[in-house]
Every structure is written in structure tokens, then in C-alpha cells.
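Enquirer: This is the structure, below, for whatever I ask next.
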Amino acid sequence: MQVFEQLEGLRKQVKQWKANGHRVGFVPTMGNLHQGHLSLVKIAQQHCDKVVVSIFVNPMQFGPNEDFDRYPRTFAADQQALQTMQTDALYFPSVEQMYPGGLQQSKVVVPPQITGLLEGASRPGHFDGVSTVVSKLFNMVQPDVAVFGQKDFQQLAVIKQMVSDLAMPIEIIGAPIARDQDGLALSSRNQYLDTEQRAIAPKLHAALLDIAQAIASGNHDYESLSAAASSQLIANGFDVVDYIQVCDANSLLPATNTTEELVILAVARLGDTRLLDNLLISDFLGA
Ligand SMILES: Nc1ncnc2c1ncn2[C@@H]1O[C@H](COP(=O)(O)OP(=O)(O)OP(=O)(O)O)[C@@H](O)[C@H]1O
Ligand SMILES: CC(C)(CO)[C@@H](O)C(=O)[O-]
Ligand code: BAL
């Protein structure tokens, strides 16, 4: 596996691959890689001849009181895991390289208003940071295909819309959520949990399954289902429920009785740790 810290070397390599007729896949990450990330690499490998993974903890997408400083940085282990996966290239730019004039001076890609819902409401400015860095990474890597996890459901929707609106010649693939055996969605932030919190954490996924089961049984009172699930999460030991909502899987607006494709999106906190999860009803019914 080639490791590039500088853009010039990466560009040269990708250009050569393309000249040789190779299809190039890309998996952007913030590092501290787990099986969820590696499943994205595998999907990219199934669609492409060469795969580039980036590791960049992007300051622009973190709020002032969020965990940018303590976000786990485990480069040596990440490099080893990617090597084992036979990843072709790892791109590991510095903050200075990504934002040469400083964060405040950078051009910002601002997604549409709708992005202010859900994660956008809980983390103001977050999707500006994500859209900006993903645009830059796309320009740097110039992939044919990019893979994003469905765990960050709204992020995937924002990226798909950006690629469509800005006519970026990149195919975006969504990857299924990788979970621990007890149902907890894998996340780098799970390691912030203490033993007691870790035991409570899978109840978020269980709450999504309960709502999906109720919907499958014919209950379409989405607001009541969400309100009951939220109370149950608090009773189960969660400290705050940022949101748990049945949404239209395409618009991410609250679902109505005519919505065809439903997704349940949720974020709940254990102490300072935000756990994010979701469930597509079509996946639940197909399971
Ligand atoms: N459990 C998972 N299953 C599938 N994809 C995942 C999973 N966790 C993360 N991803 C995807 O990996 C990519 C990189 O995500 P990121 O580095 O933020 O990982 P993370 O573990 O979710 O971290 P965090 O908890 O800090 O958000 C994103 O496209 C994200 O959706
Ligand atoms: C897509 C991403 C790498 C952009 O920083 C990040 O938001 C993530 O890890 O999901
Ligand atoms: N996985 C989304 C990146 C973030 O939490 O900032």
C-alpha cells in the first residue's frame, strides 16, 4: 500500500492508474478504523480496480464544543488494517494542506436548507464542513466511485445531492451498517462509553426495531411511536434524545401517511457521547 501525505504524489499515481484503464474507488474516513470502515473498502474493491482511503479528522465539521481534540487518532493501527485489506493507497493530508489559508479563509460548500434538519439542527454548520471537505477530497483524489456508510444516512443524502447538483462525475455507493453482535452500530465514538453506558447503548437499535415492528403491524402514528420510543430510551438510561423520527427516506422530512419509503433516524446521548443509528423499513421488512 502506498501512503501519501502530499497531494502531488497521490495525483500522479491516480493519473497513472486511469491512463492504464483502471477504475478508481475512494473511501473517505476520519480514521480509527473498525470493521464498518473496512466493509466500505471491500465494497469499493468490488466496484473498482484500485482503492484509495483517506484519513482526515476535519476540523470544519466539528462544532466548538465537540470532540475534535479528543477524537481518536490511531494512524499506525489504521495503516496496518488497510494494508491487510490490500488497499492500494492511503491519503493522509495535514490540516495545513487541506486548509492552506486557514479554516476561516476557505471557500465553503453550503448545502441546501433542508440540511438544517436532524443532524444539521443538532450540529449547526456540520454539513457545510462535510460538503466542503468531501468536495476537496473528490477534487484531490478524482475517483470514479466513492463509498459512504448508511450509518450516516443524512450525510449520504447530502453527498448524493451535492454530486448531482454540481454535476460531479462520481458514482456514490451507500454501504449497509456494520453492527456489533448486540446490534450497536460500530462507531469510533463507541470507545468513549464506559462499561455501564456500553450495556445501555444497544437499546438504541432495539428502539428502532420496535418502531419498525409497530409500523409493519399497521401502526402509522409516527409521532406517537417516536415519542414513546424517546421516553423509553430515557427510561433505559440514555441522558438525552437529540431526535428519533420516522422520515421520508428521500426527502428526510417527517413521514406522512402517503410516504412510500420510510427510514427511522435517531441520535441519543450517553453522557457526552452521541450515538447515531437508523433503520430503513424496507431493510427491516426484507430481513
Ligand atoms: N458501522 C458502520 N457501518 C457502515 N459504515 C460506517 C459505519 N461506521 C462508519 N461508517 C462509515 O465510514 C465512513 C467514515 O466514517 P467515520 O470515520 O466518521 O466513522 P465512525 O466510526 O462513524 O466515526 P464517528 O463515530 O466519529 O462518526 C462514513 O461513510 C461512515 O458512514
Ligand atoms: C465523510 C467524512 C470523512 C468527511 O470528513 C466524515 O464526515 C465521515 O467520516 O463520515
Ligand atoms: N461520521 C460523521 C462524521 C462526524 O461525526 O463528524
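Placement of Cβ uses the backbone N, Cα and C atoms for every residue, glycine included.
These numbers come from a predicted model, not from an experiment.
The active site, proton donor annotation in TrEMBL covers His37. For 30-37, 149-152, Ala178, 186-189, the entry in TrEMBL reads ATP binding site. According to TrEMBL, the beta-alanine binding site annotation covers Gln61. The feature (R)-pantoate binding site is assigned by TrEMBL to Gln61, Gln155.
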Enquirer: Measure the Cβ-based neighbour count of Met30 (ATP binding site), defined as the other Cβ atoms within 10 Å of its Cβ.
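Expert: Cβ-Cβ neighbours of Met30 (ATP binding site) within 10 Å number 19.
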Enquirer: Mind running the binding-site residues Leu33, Gly36, Gln61 against ligand 1 and keeping the ones whose CB falls under 6 Å of it?
Expert: Gly36
Enquirer: Under 6 Å from ligand 3 by Cβ, which binding-site residues from Leu33, Gln61, Gln150, Ser188?
Expert: Gln61
Enquirer: For Gln155 ((R)-pantoate binding site), list the number of other Cβ atoms lying within 10 Å of its Cβ atom.
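Expert: For Gln155 ((R)-pantoate binding site), the 10 Å Cβ neighbour count is 21.
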Enquirer: Among all the protein chains here, how many other CB atoms are within 10 A of the CB of Ser188 (ATP binding site)?
Expert: 20
Enquirer: Check the DSSP secondary structure of the residue listed as 'beta-alanine binding site', expressed as helix, strand or coil.
Expert: helix
Enquirer: Measuring Cα to Cα, how many Å separate Gln61 (beta-alanine binding site) from Gln155 ((R)-pantoate binding site)?
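Expert: Gln155 ((R)-pantoate binding site) has its Cα 12 Å from the Cα of Gln61 (beta-alanine binding site).
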Enquirer: May I ask you to report the DSSP-based helix, strand or coil state of Leu33 (ATP binding site)?
Expert: coil
Enquirer: Suppose we screen the recorded positions Met30, Gly36, His37, Ser188 by Cβ distance to ligand 2 with a cut-off under 6 Å; which survive, in sequence order?
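Expert: Within range of ligand 2: Met30.
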Enquirer: Residues with Cβ closer than 8 Å to the Cβ of Ala178 (ATP binding site), same chain and 6+ apart in sequence?
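Expert: Non-local contacts for Ala178 (ATP binding site): His34, Gln35, Gly36, Ser39, Gly149, Lys151, Ala185, Leu186.
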Enquirer: Among the binding-site residues Gln61, Gln150, point out the residue whose Cβ has the most other Cβ atoms within 10 Å, with all shown protein chains included in the count.
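Expert: Per the Cβ count within 10 Å, the most buried is Gln61.
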Enquirer: Which site among Gly36, His37 has the most other CB atoms no more than 10 Å from its CB, taking these as recorded positions?
Expert: His37
Enquirer: Around the C-beta of Leu33 (ATP binding site), how many further C-beta atoms are within 10 angstroms, looking at every protein chain?
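Expert: Leu33 (ATP binding site): 24 neighbouring Cβ atoms within 10 Å.
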